[in-house]
Amino acid sequence: MDVIPRPEPCAPSSHLHHISSVSTSHPPRKAEVALSPSHPRATSCASSSSSTREKPSPLPSKHHSWLLRHARHTFLNVYRRLFGVVFALNVVGGVVLAWRFDGHDSNEFVGHLATATAANIMVALLVRQDYIINAMFRLCWMVPLSAPLRLRRIVTKVYEYGGVHSGAATCAVVWFTLFTGYITQDFIREHVREPAIMTTTYALLALLVLLVVTALPCFRFSAHNTFENVHRWGGWFSLALFWAELILFVHTQAPALGPALAKQPAFYFLLLSSLHAILPWLRLRKLHVTPEQLSPHALRLHFTTPMPLFVSLRISDAPLREWHSFACIPSRAGPTAGGSLLISRAGDWTRKTIAAPRPDYWVKGVPVTGVLCMARLFRRVVVVTTGSGIGPCLAVIQDIAGSPLLRGTTSRGTRCRVLWSTPTPLQTYGQAICDAVREVDSQAVIVDTRREGRPDLVAMAWQLYRAEEAEAVFVISNPQLTRKVVYGLEARGVPTFGPIWDS
């Protein structure tokens, strides 16, 4: 097991903490020797002596049957439960609407279908707004540490709010499909005579279906840039078509367009949706940065613009094409002094950025809060991360743990243990990042995968969780590994949280 060591030899002593390394491709070879806060600053990364090795504790069996485990933690996770709640509410609304509809006033019924579509589109847009996301997280932060642990664990799942977004968006397509069916029926019966309405209706339906299909995980992960462009441009065009649809439909019902529109609930839902689609772009601006080349695989962008704690920034070099989100690591002088973004090679855009960084990047909207900030609801947590995931971790744990490197923290005294698995941490990310990790957790478990092989993070996280009597585990890694560790620990009764990559 690798740690941030000191230049002199490290010998085990009574106040050093030992955690065994468990590798998926190699037998346990070395144990992690945690650094005492009293030891000198480290200048390199090296393995500890094999004399410190301890026999790893075996993982307990997973709870419940395979079917029940997957039903609870996969098929019916919080994201899908929220999706189900939204869908169920829409079903109830549909039943009430069908019960009240007497079958005579077709125009009134079609108007209700348009209202339901617009309402769901509004909900889908609002729940993705940065300021609403931040408000949800800040509301959850009000839960005190004295609250029951079960309540705090439930509240922490607020980051799965995307289930509301996808549920509302899917329901909007269902409602508009019904709307299209009734409009088509009226056109066949010659109750609707305007071809423009039919053209707009089918164009909008095709666009909404395209938005939903490209948002499916299988497509979103395999062609993420296409997904982003379809959602950006398709979303704008769908709002424009919806306005055209609403105006054409209302105009066929009443000669006075203005008063007739004002009586339509769909008008206000659509107006609110349009305002929120524009809102982030009103804050489009450039962020001036100072690039620091850490290695051929990692780049750190420093900026002096004040930023709140616990947030990430979306940056772009071409605002109409693609955006990438990175966590803000606060400056040692506090968040008002700016901070930095840690970027590692994970795709075409990051590879290009590391090779040729720019002096400024576009940002829009407001900085948004992420999942790891919910660690402040617990007294003791284990943070598991790999590679450049240490960036978002440092952005949060320096504050919640009350790091002496960071002034003006809002710490509630959360104790953080860090498990970081990455190839050649010192050479890739530099001494400053390694020092920051050690300042947060002097006993940080840092695995150099280039020398030790890939560890069994589930087993190691379990050991840390038990040894520290932690209340929760947070995982920041790539999608596949995050899902594996989260499921592996949740199936053993460990409250585990990690991003779900639903956007």
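Keep in mind that glycine also has a Cβ here, set from the backbone N, Cα and C atoms.
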Among 78-97, 378-397, indicate the range for which TrEMBL gives the feature transmembrane segment.
78-97
Please report, as numbers and ranges, the same-chain residues at least 6 past the borders of the transmembrane segment (158-182) whose CB is under 8 Å from any CB of it.
77-87, 90, 106, 109-110, 113-114, 116-117, 120-121, 123-124, 127-128, 133, 136-137, 140, 201-202, 204-205, 208-209, 211-212, 215, 370-371, 374, 497, 499-500, 502-503
The transmembrane segment (202-221) versus listed stretches 78-97, 109-127, 233-254, 266-284: most Cβ pairs under 8 Å:
233-254
Applying the under-8 angstroms CB criterion, which one of 78-97, 233-254, 266-284 scores highest with the transmembrane segment (109-127)?
266-284
State the residues, same chain only, that lie 6 or more residues beyond the ends of the transmembrane segment (78-97) and have a CB under 8 A from a CB inside it; answer 'none' if no residue qualifies.
109, 112, 116, 120, 123, 157, 160-164, 166-168, 170-171, 174-175, 500, 502
